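Remarks on the structure that follows.
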Amino acid sequence: MLEMSKRQSPRGAGLAPTIAWRVFQLLTLAGVLWVGWRLLGRVPYRIDIDVYRMGGRAWLDGRPLYADGAIFHTQGGLDLPFTYPPLAAIAFAPFAWLSLPLASSAITATTLVLLIVATTIVLTRLDVWPHTTVTSEPAWMRRAWLAAAMVAPAVIYLEPIRSNFEFGQINVVLMTLVIADCVPRRTPWPRGLLLGLAIALKLTPAVFLLYFLLRRDIHTLLRTAATAVVASLAGFALAWSDSVEYWTETVRNTDRIGTATLNTNQNIAGALARLGLGESPRFILWVLACFAVLALTVWAARRALRGDTADQTTEAPVLALVCVALFGLVVSPVSWSHHWVWMLPVLVVTAVLAYRRRSVWFTALTAAGLALTVWTPITLLPEHRETTASLWRQLAGGSYVWWAFAVIVVIGLVSSSRTHTGDAHETDEPLVPLARGEAG
């Protein structure tokens, strides 16, 4: 019933499919409500939300966020630094006026909604289930129901999504800003504004500038960079001392974010650190590996963007964005497993293409990705004793990285190498006319 291709459902659908759809909606609603109760019914302590609130409170009180080794004493008993740019502390300030349970509930509920929104946007760009006679609901609503049905179990069973909620992280918020800006065919705002804001809130989304560069969309790339700069300057205007400290000192100190050897640090840097290599050879190997993965990503994304059939034109931008997202995760100095919330949209993409193309490769990627996130092998690495683990445990414990490599390679191999007949970004313009800042 839930057709995952662009073919129209048979006309004259009987009563049974309609009833099945209503049952599906009821089950999905029940699943989302159950997940909501799990997350909000008895609000657990979420340590990162605690730090966010204290960062916002420090800014409101005029206390330093970073200077003199500023540390925040969490209710969980750990002393942690504030690792985001000053603009993020300003954004978190309203939550400082709320109690910790209320702030936790607000951020958690927002995260759940945005996860459904992000998944809906991906399904829409992939043109999933565009026509049907089963229901009169518009396509976007059908896709939202499908997205909710995917998100509900993901929150409980997929390790990156589950841990994101357990810590109270904002990775889903950042991911949604990126997806909403990059994936739709058109946006009601000049494309690049949301990505620029995401970069100003946390530096890691800057990797998606590569996406617009690969699309040769220089106008949007420059608009994104300008937005990030303007937003960061707003941080200087509102928190001058903290901004100077962050951009001149703190931003270079990645050690304050956490120990690279921890098993949940799923990236190249973590894999090398766990081998026990010295700092100099490890840095050289990391740089070489990053350039190699960059070359692989550029190759795969460009092949995806050169597709010239109707299906590939629909899929190409999403495939390219997936490559860039995975590249950013594996080359970042720190990529905790809860940063890998991109696993959900990537799995949605591989599952849709596995069905649509009857692809063994995408089917294998989907199955492997689900297995790795549901039965995570990260725990094969003994926590805080990762460098003593055997080689096979180290390889298995870094499985997110190897899966990401496999996804990028498969996208490059299966994508058409034929040249697109039109401009790379002509179908992805925002609705805003040129006079108001048309995105190129």
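Including glycine, each Cβ sits where the backbone N, Cα and C put it.
For 419-440, the entry in Swiss-Prot reads region 'Disordered'.
Distant neighbours of the transmembrane segment (15-35): 1-2, 112, 134-135, 145, 148-149, 151-153, 155-156; these residues of the same chain sit at least 6 beyond its ends, with a Cβ under 8 Å from one of its Cβ atoms. For 15-35 (among others), the entry in Swiss-Prot reads transmembrane segment, with the evidence type sequence analysis.
What Swiss-Prot records for 87-107 (among others) is transmembrane segment. Away from its own ends, the transmembrane segment (87-107) comes close to residues 40, 43-46, 49-50, 52-60, 65, 75, 168, 170, 200-202, 231-232, 234-235, 238-239, 242 of its chain (Cβ-Cβ under 8 Å, at least six residues beyond either end).
The transmembrane segment annotation in Swiss-Prot covers 109-129 (among others) and is backed by sequence analysis.
Annotation source Swiss-Prot lists transmembrane segment at 144-161 (among others), citing sequence analysis.
Swiss-Prot lists 164-184 (among others) with the feature transmembrane segment, giving sequence analysis as the kind of evidence.
Below 8 angstroms of C-beta separation, residues 84-85, 87-88, 91, 170, 174, 177-178, 180-182, 220-221, 223-228, 230-232, 234-235, 251, 297-298, 301, 320-321, 324-325, 327-328, 331-332, 339 of the same chain, each at least six residues beyond the ends of the transmembrane segment (193-213), sit close to that stretch. Sequence annotations record features per position, and here Swiss-Prot assigns transmembrane segment to 193-213 (among others) based on sequence analysis.
Long-range contacts of the transmembrane segment (224-244) within its own chain (CB-CB distance under 8 A, at least 6 residues past either end) are made by residues 59, 64-67, 85-87, 89-90, 192-193, 195-197, 199-201, 206, 209, 212. Among the features that Swiss-Prot reports, transmembrane segment is placed at 224-244 (among others).
What Swiss-Prot lists as transmembrane segment is 281-301 (among others), and the listing cites sequence analysis.
Feature annotation from Swiss-Prot assigns transmembrane segment to 316-336 (among others). Long-range contacts of the transmembrane segment (316-336) within the same chain: residues 122, 125-126, 163, 178-179, 182-183, 204-205, 207-208, 210-211, 214-215, 254, 257-258, 260, 262, 264-270, 289-290, 293-294, 297, 300-302, 304-307, 342, 345-346, 349, 400-401, 404-405, 407-408, 411-412, 415, 420, 428, each at least 6 residues beyond the stretch ends and with a Cβ under 8 Å from a Cβ of the stretch.
Per Swiss-Prot, transmembrane segment is recorded for 360-380 (among others). Long-range neighbours of the transmembrane segment (360-380) within the same chain, counting only residues 6 or more positions beyond its ends whose Cβ lies under 8 Å from a Cβ of the stretch, are 157-161, 263-264, 266, 337, 343, 346-347, 350-351, 353-354, 389, 393, 396-397, 399-400, 403, 406-407, 410, 413-414.
For 395-415 (among others), the entry in Swiss-Prot reads transmembrane segment, with the evidence type sequence analysis. Long-range neighbours of the transmembrane segment (395-415) within the same chain, counting only residues 6 or more positions beyond its ends whose Cβ lies under 8 Å from a Cβ of the stretch, are 160, 263, 266-268, 270-271, 274, 293, 296-297, 299-301, 303-304, 306-307, 312, 316, 319, 322-323, 326-327, 329-330, 337, 340, 343, 346, 350, 357, 359, 361-362, 365, 368-369, 372, 376-381, 386, 389.
Simply put, out of 144-161, 164-184, 281-301, 164-184 has the most Cβ pairs sitting under 8 Å from the transmembrane segment (109-129).
Under 8 Å from some Cβ of the transmembrane segment (281-301) lie the Cβ atoms of residues 210-211, 214, 268-269, 272-273, 275, 319-320, 323-324, 326-327, 330-331, 405, 408-409, 411-412, 415, all in the same chain and six or more residues away from its ends.
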